[in-house]
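According to TrEMBL, the features are:
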- A:62-361: domain 'AB hydrolase-1' (DOMAIN)
- A:164: active site, nucleophile (ACT_SITE)
- A:324: active site (ACT_SITE)
- A:357: active site (ACT_SITE)
């Protein structure tokens with residue numbers, strides 16, 4: 001299937017990764033930024049990764065924005081052979097085909113994965129920012145992604161792709177910098193967070209903030225906070241769906257039945273998964289990004305949401321999941337409805353999956369459901385574009 | 001409307017509350033019980049309340065079982081004139097008509113409202129039970145309700161009514177003691193808790209258990225634990241619905257935007273409500289009852305769930321809410337499906353309400369939606385029954 005699709009792409013632009021002598025992973029020092037809600041960051045750096053041929057032109061470049069808990073490591077590469085969080089989507093011959101496209105992904109501003117964040121030394125004080133890090137929004141994350149494109153000398157990418165918090169950054173990027181992309185793929189995301197979603201995230205933050213070991217942000221690094229575990233378990237209740245839990249786990253007790261004990265399989269599962277996460281994810285970063293998502297609002301600075309979303313010029317594919325408990329389908333539909341009212345080409349693809357909000361990251365769903373949709377959209381009319389491009393370059 | 005209904009009831013049995021010299025609130029010392037999951041309670045007491053004429057016969061007696069956070073105070077009475085949790089449902093001329101019925105409600109075993117619970121002195125040690133209280137289930141609660149009926153000399157009541165945890169006790173009572181009731185009204189409940197629901201409750205328990213101030217159950221009484229507040233806020237995210245939150249609260253920030261602050265109205269609302277609850281509800285009782293609900297399983301001790309539910313002989317009305325996130329409608333439908341397979345008369349009424357799991361307790365929904373359904377079911381063919389009864393007593 002992939003072979004036949006690849007054969008449609010003109011040969012001269014296909015180069016194997018092996019011929020690419022550039023590094024796959026790098027750090028960029030970028031200009032400081034003024035923040036959307038006030039304040040500024042005088043220095044910004046990002047850790048980013050690349051796949052495919054780094055000499056490909058802008059119109060063969062795709063930028064992927066990570067979600068809340070994901071780093072820049074979308075897929076394995078020579079610098080880091082570990083499988084990435086979209087291993088089944090990004091790679092040679094895969095949906096985001098690194099034989100066809102140059103792919104870039106930067107760790108998000110504020111995340112604990114090597115970009116400027118609460119874990120960074122504040123240049124003004126010489127100490128870690130910790131909880132003093134100014135509150136950012138997806139608009140600030142988008143600005144940093146734009147600055148990375150500038151740094152790399154890339155003007156207008158073929159596409160921006162992101163899911164969940166990555167999708168919030170993607171729609172925000174496309175609204176703030178409409179001339180910097182041709183196509184937009186936004187999965188399971190929103191253009192404005194609603195109170196029903198704030199409620200879920202707010203309790204997660206409370207669990208961390210009210211843990212005495214949080215110490216107003218000055219906790220001991222690397223010690224998993226109990227409050228982080230509570231927060232993550234709470235997250236787990238809305239990332240997937242009741243249908244998944246009810247079909248996956250035994251309904252009968254498998255352990256002791258007292259309230260102090262783990263009684264059901266689903267309890268042991270959540271306990272194990274959240275303990276692991278709590279040890280590796282920084283609490284201040286968790287709080288910062290959690291609030292940033294709540295503050296997603298493409299209408300900020302404009303008359304209303306429609307005006308902000310209406311600024312998007314890219315041809316847009318929005319994908320939503322019926323069973324999404326965290327960012328319901330109605331919010332993806334709103335994006336497409338607004339774009340249609342502005343005569344911007346936009347499509348909503350609705351997925352039916354018991355994996356809910358998490359579906360796009362589930363290994364099976366990645367390759368079987370999301371990959372074909374994304375690939376079809378990214379490569380549609382690529383021959384024509386290719387042809388146009390070759391025609392221009394031969395003039 | 002109520003007047004015409006009342007006129008159908010034969011006069012001799014109607015007595016005004018004012019002529020009733022009995023107390024409305026009392027404490028009963030009941031026999032100890034063997035617990036469903038092992039262990040025993042050697043002494044049990046319950047605090048219970050009554051409304052209507054206490055000399056009415058069994059077939060004019062209705063017992064109501066409280067939910068998780070409710071005491072025996074269903075409605076105002078002479079001993080306690082404060083409004084009760086079903087003030088719009090229970091009273092003279094109301095849906096559960098105390099001019100027609102004798103109504104009894106006992107605080108649940110394990111609850112902090114005056115029945116035996118972790119707050120009770122353990123007779124074996126002379127100290128409060130606290131976290132050493134043995135784990136109970138709705139089956140144990142039902143046994144205590146049965147023992148209260150014995151204590152009051154009541155053999156077979158006209159109806160048992162309960163919602164949420166009250167509904168779990170109600171179906172469990174009807175299964176364990178099928179000859180002690182004629183009709184059953186179970187609202188927004190389950191006959192077997194599913195992993196999707198355990199997941200929600202499990203995180204609430206974790207929030208309390210991991211609060212260092214919980215001190216393995218030996219916390220200072222009356223001090224609201226931070227973990228209790230987290231637990232309650234989490235509960236609030238699944239008691240109602242996204243629809244309610246999204247229509248009720250402002251979508252724009254109304255406070256400071258840093259992650260340490262309350263930014264949105266929905267955050268302030270949850271903060272206020274949960275702080276209030278955390279100060280008044282005992283944490284060990286919360287944990288005990290939370291786990292008890294997870295352990296709801298009418299199939300326990302039988303071949304399967306159907307055999308346990310199939311033991312119910314009462315004519316049954318089950319009411320469920322489409323938007324219930326905590327105990328989904330499918331679980332109410334399962335009860336009715338099983339009863340129908342046993343040819344037991346059972347009806348499922350489906351409510352559409354943005355108040356979700358909480359709908360039955362919402363003041364407006366109480367009187368407009370639930371009251372008419374419950375009243376119609378409780379009083380159906382009451383004239384005929386009355387007539388039969390009078391015929392028998394005149395023989």
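The backbone N, Cα and C atoms fix where each Cβ goes, glycine too.
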Q) Which ones in the same chain are close to residue A:164 (active site, nucleophile), with CB under 8 Å and 6+ residues apart in sequence? A) A:67, A:68, A:187, A:188, A:189, A:327, A:357, A:360
Q: Within 10 Å of the Cβ of residue A:357 (active site), how many other Cβ atoms can you find? Include all protein chains, please.
A: 26
Q: Summarise the model confidence on the domain 'AB hydrolase-1' (A:62-361) as a single mean pLDDT, whole number.
A: 97
Q. What three-state secondary structure does DSSP assign to residue A:357 (active site)?
A. helix
Q) Around residue A:324 (active site), which residues of its chain at least 6 apart sit with Cβ under 8 Å of its Cβ? A) A:188, A:356, A:357, A:359
Q. Can you check what DSSP calls residue A:324 (active site), collapsed to helix, strand or coil?
A. coil
**Q.** residue A:164 (active site, nucleophile) in three-state DSSP notation
**A.** coil
